[in-house]
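**Student:** Here it is, the structure in full.
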Amino acid sequence: QLKDRLYKCHFIKQSKEVCGYPLSIFFIVVNEFCERFSYYGMRAVLVLYFKYFLRWDDDLATSIYHTFVALCYLTPILGAIVADSWLGKFKTIIYLSIVYAIGQVAMAVSAIHDITDTDRDGTPNNMTFHVVLSMVGLFLIALGTGGIKPCVAAFGGDQFGDHQERQRRTFFSVFYLCINGGSLLSTIITPILRAQNCGIYSKQKCYSLAFGVPAALMVVALVVFIVGSGMYYKAKPEGNIMGDVCKCIGFAISNRYKHRSKQYPSREHWMDWAEDKYDKLLIAQIKMVLKVLFLYIPLPMFWTLFDQKGSRWTLQATTMDGNFGAIVIQPDQMQTVNPILILTLVPIMDSVIYPLIKKCGLNFTPLKRMTVGMFLAALAFVCAAVVQIEIDVSRKHLTYFNLTQFLKIFPFLIIIRATFFLQSGQLSCAFSRDFGFGSSYTFFIPSTLSLGSNCQESITGAEDIKPNSVHMALQVPQYFFITAGEVMFSVTGLEFSYSQAPSNMKAVLQAGWLLTVAIGNFIVLIVAEVAKLPKQWTEYVLFASLLLCVCIIFSIMAYFYTYIDPTEIEAKFRRNVGDDDDDKNDKQRKLEMEMMKRDLDRSDDEHYKGKQTKM
């Protein structure tokens, strides 16, 4: 470890800098922006792809969507283990980014309807091909995006030396800004691409383009990251700390079970049974982690509600009017409200709201903030239920009619967007009608219709379902409350976890935090498949009620939680080491450092002479 640290200092000292920042950082920042654009762009249109391209119902589309999101938050654990114990962060990012890019390309290809549209009617004839290819693509994307998630930010932090602490903090702020910037732009752009019409034989909604652009951005992200390869400091794998934690916990449980008889004295904590094999400092660190993980138990319910903005709320928006006058908002573009509000609310909360609460003499601790965040998320779903009731009231039932007799007279009926073509033999008739989004019409065509230039005058129509009259602007309150809840819950939760984690186990708590997101998405699957509630608004009320109950439980748990300082606890165990051993170790370290410095200086001289020779 000492040798690696000296090598890092030497490497960073020799690396190029721009305004005090390592040049390699700019490649990592661009890579993150492109990767987040790719992920959120694909995810923005995903549920509509399931419903309108694959022809799945709302429940199945919601279930597969949340299964994918859950996998994206389970695979970070695998990525962290691979990076820490085998490949290292750099190689893990490279290899899994390749897998990621292949998955995005597979999604783009799966959305090309012309591949299996043998009769050229605009509908794929072999839907199995599209379903299988898209599921393979989603699996590869989940493996890629999840696997690199715990590596990229940490890899960026590795590029800074001890003398660049201020620059490191700025990097993480810019890194978070890139995540939200990529999310915002992609959520605006990809729905616009999806709304275009494309195809070789028949024009359909262009999901292939909506997936193709994120695929291209992922390839760009990979290329940019590889270009900066020679400038990166690449730390060697340090060992699998998560594996050590699991082994220690497993030994404590096993040892406790073996000594369950009353003849053995009891221990203050069940983890103390691991003292027979493991270091006391490691056991103390695991105790701190378990204390926080216990608080994580109620947290998945928040993510159950939060991630539905990309599924249920997007489907809700398809039944609403997106005409804002100067622009027409696509249903999947409403998700842009979330990153816009994040970029607005985070600085307001940090610089105005929290200081104001502190001046009022209120102790607004991190756990209290998280509790309020849960309450706001529940309130968001109450708003969603109210909007859904308004939508249900405004909708009417569709009237169906039999086309059999009609098709006997006019065997060819062709529809291109809002223009209809009737053809019988050599004669034809064309008429058009403007449709509002979400509307349904029945056209009455008499059997005595004479095809010709004035044929459209004999065709009459009836409006079965009016165009969407409930405006998408009504979704803004629910997006506001869910985003405010995210800022108070998610941002604060990450800060709390970091402050309460031992120095060498912050990645373990990060993995636990991501696991709560995955479990939350699995809960959506259970409710969507098992509950089968007749009205959508009742499902929203159910989720709001469940989170409110969990909020009360979490507030009680938070009341009894005692905040700790991990550095102080770790220091107590380290003080038990004898002074003589410390002096001996210090002298040995100094000797090793002097020897390695001489070796590094000698290698610098040889490297410089080699450069002179080449010149």
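A Cβ is built for glycine as well, from the same backbone N, Cα and C atoms used for every other residue.
The transmembrane segment annotation in TrEMBL covers 21-40, 60-81, 93-115, 127-148, 169-189, 209-233, 288-306, 340-357, 369-389, 409-431, 507-528, 540-564. Residues or ranges marked as region 'Disordered' by TrEMBL: 576-615. For 576-609, the entry in TrEMBL reads compositional bias 'Basic and acidic residues'.
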**Student:** Give me the stretch from 21-40, 93-115, 169-189, 288-306, 540-564 with the greatest number of Cβ pairs under 8 Å to the transmembrane segment (209-233).
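**Tutor:** Looking only at 21-40, 93-115, 169-189, 288-306, 540-564, the most contacts with the transmembrane segment (209-233) come from 21-40.
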**Student:** Check the transmembrane segment (127-148) against the transmembrane segment (540-564) for contact, please; criterion is three or more CB pairs under 8 Å, pairs 6 or more apart in sequence.
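**Tutor:** As far as Cβ distances go (cut-off 8 Å, pairs 6 or more apart), the transmembrane segment (127-148) and the transmembrane segment (540-564) do not touch.
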**Student:** Given a Cβ distance threshold of under 8 angstroms, which distant residues of the chain, six or more beyond its ends, lie next to the transmembrane segment (340-357)?
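**Tutor:** Distant Cβ neighbours of the transmembrane segment (340-357) are 177, 180, 184, 364, 479-480, 483-484, 486-488, 491.
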**Student:** Given a Cβ distance threshold of under 8 angstroms, which distant residues of the chain, six or more beyond its ends, lie next to the transmembrane segment (169-189)?
**Tutor:** 21, 25, 29, 32-41, 44, 153, 156-157, 160, 213-214, 217, 332-333, 335-336, 338-340, 342-343
